[in-house]
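A.B. asks: Before I ask anything, let me first share the structure, which is written out below as structure tokens.
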Amino acid sequence: MEEKVVGRFAPSPSGRLHLGNLFCSLLAWLSVKSRGGRVVLRIEDLDRARTTRAFADQLERDLEFLGLFWDEGGSGGGPHASYYQSDRSPLYEQCLAALEAQGLVYPCFCSRAQLHAAQAPHAADGEPIYTGRCRGLSAAEVRRRALARSPALRLKVPDETVGLIDGHYGPFSQNLARDCGDFILRRSDGVFAYQLAVVADDAAMGVTEVVRGRDLLASAPRQIYLYRLLGARPPAFCHAPLLLAPDGRRLSKRDADLGLDALRAQGLSAADITGRLAFAAGLLDRPQPASPEQLLPLFSWDKVPTRDIPLPAQLFR
Ligand code: GLU
């Protein structure tokens, strides 16, 4: 029997969703629903200082407005106790313990300034590649330093190339030691890191396909490595091109003028907006109104470009 496709929306409620987030959600929904699958909504609110419940509730309304309905999760819940990462620490603790049991976790006391030292090489995501400074600390040294500051926890990575065949971008690989470095599992303030939480949750929630912006392609090898260490099967990854503002900038949550409210204020309907997003994605020849349901028979990853897509200014403002 063919395995059921399970996709997900995994937004961070740190602001209103921008058109790029909605574009990616539309592709994730179409990719899963065109094969009869299910969509899980998980709210990635680990960083309580940067996320709010009000934004989480709002993003549900925005997805629903566009007709991007999910089958499980969010405020509606489902078989998992909670779909808010801020409630899911016991699972992350368990995963951390499993990695600790393999002798792969160590405390890191480095300050921000030390990490961002000018000479440090940077990874594809712009983060400095960790030099391994705290990797070899003795137990006594760890105890001594822990009196002064609480450490972050890092995963030791091997000098090994980990690759994947992305469903849209094709083969992609990184040498973990050279391109990523030992990465953070839990921050010094106790907040679990994205890499650990996303893998723990996608595995626990039975996600078989991850669709997200191509800016996260560089996280996939680290995540695949975590799947291996945790004894879970990685999902298929399919990264999507990014939507750019008409001037070529990356969209951010601060681009309120390119958000749903601004478009609705101009009188655009939900189908106008999804139709224009589908036109930008190469699924329609003209920017005509189309609901997600109507787009289903037209969807194919082959039509979606791999280069990033500047929003046609005349259509979105
Ligand atoms: N929560 C992440 C974001 O909003 C997405 C994580 C993922 O899709 O893996 O950027």
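Yeah, the Cβs are placed from backbone N, Cα and C, and that goes for glycine too.
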A.B. asks: Looking at 170-174, 185-189, 250-254, which one is motif ''KMSKS' region' according to TrEMBL?
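C.D. replies: My reading of TrEMBL: the motif ''KMSKS' region' range is 250-254.
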A.B. asks: Looking at the L-glutamate binding annotation from TrEMBL, with Arg8, Phe9, Ala10, Pro11, Ser12, Glu44, Arg212 already listed, which candidate in Tyr92, Tyr169, Tyr194 is the matching residue?
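C.D. replies: The record-listed residue among the candidates is Tyr194.
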A.B. asks: What whole-number Å value do you get for the CA-CA distance of Glu44 (L-glutamate binding site) and Cys110 (Zn(2+) binding site)?
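C.D. replies: Rounded to the nearest whole number, the Cα-Cα distance is 26 Å.
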A.B. asks: On the 0 to 100 scale, where does the mean pLDDT of the domain 'Glutamyl/glutaminyl-tRNA synthetase class Ib catalytic' (4-259) fall?
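C.D. replies: Overall, the domain 'Glutamyl/glutaminyl-tRNA synthetase class Ib catalytic' (4-259) comes to a mean pLDDT of 95.
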A.B. asks: Sequence gap of 6 or more, Cβ distance under 8 Å: name the residues on the same chain that satisfy this around Arg212 (L-glutamate binding site), in order along the sequence.
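C.D. replies: Set apart from Arg212 (L-glutamate binding site) by at least 6 residues yet with Cβ under 8 Å, we have Ala10, Cys24, Ala28, His239, Ala240.
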A.B. asks: Within 10 Å of its Cβ, which one of these binding-site residues (Arg8, Lys253) has the largest number of other Cβ atoms?
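C.D. replies: When each Cβ's neighbours within 10 Å are tallied, Arg8 leads.
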A.B. asks: Under a three-state reading of DSSP, tell me whether Arg212 (L-glutamate binding site) is helix, strand or coil.
C.D. replies: strand
A.B. asks: Cα-Cα separation of Cys108 (Zn(2+) binding site) and Pro11 (L-glutamate binding site), in Å?
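C.D. replies: Pro11 (L-glutamate binding site) has its Cα 29 Å from the Cα of Cys108 (Zn(2+) binding site).
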